[in-house]
Amino acid sequence: MTETSVGPPDQLVAVPAVMDLSPFESDNSVSCRLASEIPDVCRTEDCCLGIDEAGRGPVLGPMVYGICFCPVSKKQELKDSKVADSKTLNEVERENLFQKIDESKSYIGWALQILSPNTISTSMLQRTKYNLNAISHDTAIDLVQYALDSGVQLKEVFVDTVGPADKYEDKLSKRFPGIDVTVRPKADSLFPIVSAASICAKVARDRVVKGWSFSEDMGDVEADYGSGYPSDPKTKAWMLKYLDPVFGYPQFVRFSWSTAQTLMDSKGVTVHWDDDDEDGEKGAQLQNNKSMLAYFSASAGGKDQKSTHQTHRFFTERRLKSLEAL
């Protein structure tokens, strides 16, 4: 990546380094792993590895877990590159530092796990609860195992904690005996190799969010959704605008987040499910509400009466039609 002067002499823009996101962009409803080439030196020398994530808190977009690794002998060179916690950097600074990491591919490698919003939400809401801390731990473990399976000679692992640091450190040490594991709060500001992982993860998330392709037929979608955090007024306004009263949100939204659930409860159409405790249709009638069966049933006017409402795209995309008889 090069730096190009535009406008005032001290204003710089970043020309992005190569990070092929197409495997995820081809289907952003599922999770995806991306990785650099493994430097030869990382297969012959003792290495350190850092782990961090980007996008844990936002209600919009994926969470990206990243690892970065290099020989222990190259720690000082990495420190001299001025890598820092990605949250303290602006977008141009992050892109420029990712370029430095990319230019050091002879001794620095990285890997990312992009967890789609759909994967996060369905995991958290499945019958057997799988919370975000458990997802984070398992993803970090999988990435360390990926590095080992790829031949990286890991000697040290540094991790930004999720949950109590001592318990997490003990868990990782037992899972990877023989590797010196250090888990600390704010590890991305303490250890340059974690800072590098943080930068890789944040650059990937920023690019994915900026170039998000909506699989749903939503027309021209406004891309100004703010930071993606629930407290951001721009994010709240975007979520209000693109809430479908029946089908909720596009897969860009983590519908397991309380912000999304609250908006769906307050702005969505109330539907009574026929397997609820209140005896199906009778319960729906008592609540002056339609049951799900009524939604699918034929109109009262019979076959010849034309429908006065447009069939939702959910059904047309799947070629589903209402049946009048079985």
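Yeah, the Cβs are placed from backbone N, Cα and C, and that goes for glycine too.
TrEMBL lists Asp52, Glu53, Asp160 with the feature divalent metal cation binding site. Here TrEMBL flags 46-269 as domain 'RNase H type-2'.
Set side by side, the binding-site residues Glu53, Asp160 differ in how many other CB atoms lie within 10 angstroms of their CB, and the most is found at Asp160. Across all of the domain 'RNase H type-2' (46-269), the predicted model scores a mean pLDDT of 94. Same-chain residues that are not part of Asp52, Glu53, Asp160 yet have a Cβ within 8 Å of the Cβ center of the divalent metal cation site turn out to be Ile51, Ala54, Tyr65, Gly66, Val159, Val162, Ala187, Asp188, Val194, Ala197, Ser198, Ala201. Packing around Asp52 (divalent metal cation binding site) is summarised by its Cβ count: 29 other Cβ atoms lie within 10 angstroms of its Cβ, all protein chains included.
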